[in-house]
């Protein structure tokens, strides 16, 4: 036990998770060798190219130097700054990797090593290290149970396959969100609010969490005496404005610069959903041809109404009776409601509900493990297209074996009638998914 309060199993879990991440990175990525558009790997490389070679006020604007139809930046400023940092490092190694216009589709061996390494470093810094820290500071569980839960969080197949296989940096925004939760759990609401702002300014999909965070923070304000209530509300407002102002500062010089970013962040023209996403709209599209019946503006309103109706009950309850337990549950409800009902959803956004779900592993192991597996299964159309079915099967098997070994009494319990039904349903679900795959 190198650190007091940390089980040796935790160190094994961390090392195994890093090794697994690098092993997955040896498989194909999105758009590998598929010109002219390639895929998300090329999108991330292209953003490095744009942010290194163009001034900030041109990053989100269409021009001869920045064709927005070719993987134009469509994430908030913090993602752009991250791309710029990676871009300058890439330029230091080899200027050809980010040469303006001429570097499109660059896929050399050493460039792949660099790109994969950039994801691994970001994952270790923003997610792996944070899960390790969370396993130390979270008090109620014994150290072995914390090590098991943390190990499963690190070995969740969906995040590994999307970031290190398909190619993205989701661990950064999820890490910022986890920091927000951890600081709020320790009573440091102002710092927690700042980190959630960072998550929001890294990926706009963090809006899936916005209403629970807002209701929790406002609810804690309303529970205070009048004078302290106003003071805390003003402090929270200042934190949000300062963090947002710093992130957006280069784009606030003119209204045109600001609107250019906003238009890229919310591209309603892309449609109700992308590809084969496992949400309500895609499922019902088999019998209801949404795009043929309704206009885009109508679909935006319809999805907004359905999403709000799904999110409001838990959010209102959180506002009236704020607690950390309710916050974590409300984060699950809100992010899952957005995934199921909101506009412009794609497969990868299932990673947002999974973060708060994984934080309940010790409390509700069976439903959490079940949801984690099914959420990964929902990514199959994307993973199959990328040639990632082998790591999908291997990672899911590793995750399920670890979960059953760690929570054997709870996952395969036959003590009561309800537990027998739950365990049987879980096993049938897993076996059914295996049949569907093969």
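Each Cβ is built from the backbone N, Cα and C atoms, and glycine gets one as well.
No curator has checked TrEMBL annotations; they are predicted automatically.
Per TrEMBL, transmembrane segment is recorded for 113-137 (among others). Only residues 6 or more beyond the boundaries of the transmembrane segment (113-137), in the same chain, are considered here, and those with a CB under 8 A from a CB of the stretch are 3, 5-6, 10, 14, 17-18, 21-22, 25, 41, 44-45, 82, 86, 89-90, 93, 97, 146-147, 149-150, 153-154, 159, 163-164, 167-169, 171-172, 174-176, 178-179, 182, 186.
The transmembrane segment feature in TrEMBL is assigned to 143-162 (among others).
Per TrEMBL, transmembrane segment is recorded for 174-201 (among others).
For 233-251 (among others), the entry in TrEMBL reads transmembrane segment. Distant neighbours of the transmembrane segment (233-251): 56-57, 60, 76-78, 189-190, 193-194, 197-198, 201, 217-218, 221, 257-258, 260-261; these residues of the same chain sit at least 6 beyond its ends, with a Cβ under 8 Å from one of its Cβ atoms.
The transmembrane segment annotation in TrEMBL covers 293-315 (among others).
The transmembrane segment annotation in TrEMBL covers 327-344 (among others). Tertiary neighbourhood of the transmembrane segment (327-344): same-chain residues 181, 184, 207-213, 215-216, 266-268, 270-274, 279-281, 299-300, 303-304, 306-307, 310-311, 314-315, 317-318, 350, 352-353, 355-357, 359-360, selected by CB-CB distance under 8 Å and a gap of 6+ residues from either end.
Residues or ranges marked as transmembrane segment in TrEMBL: 364-383 (among others).
According to TrEMBL, the feature transmembrane segment maps to 388-407 (among others). Within the same chain, residues 20, 23-24, 27-28, 148-149, 151-152, 155-157, 160-161, 165-166, 365-366, 369, 372-373, 376-377, 379-380, 430, 437 sit at least 6 positions outside the transmembrane segment (388-407) and bring their C-beta atoms closer than 8 Å to a C-beta of that stretch.
Positions annotated as transmembrane segment by TrEMBL: 419-437 (among others).
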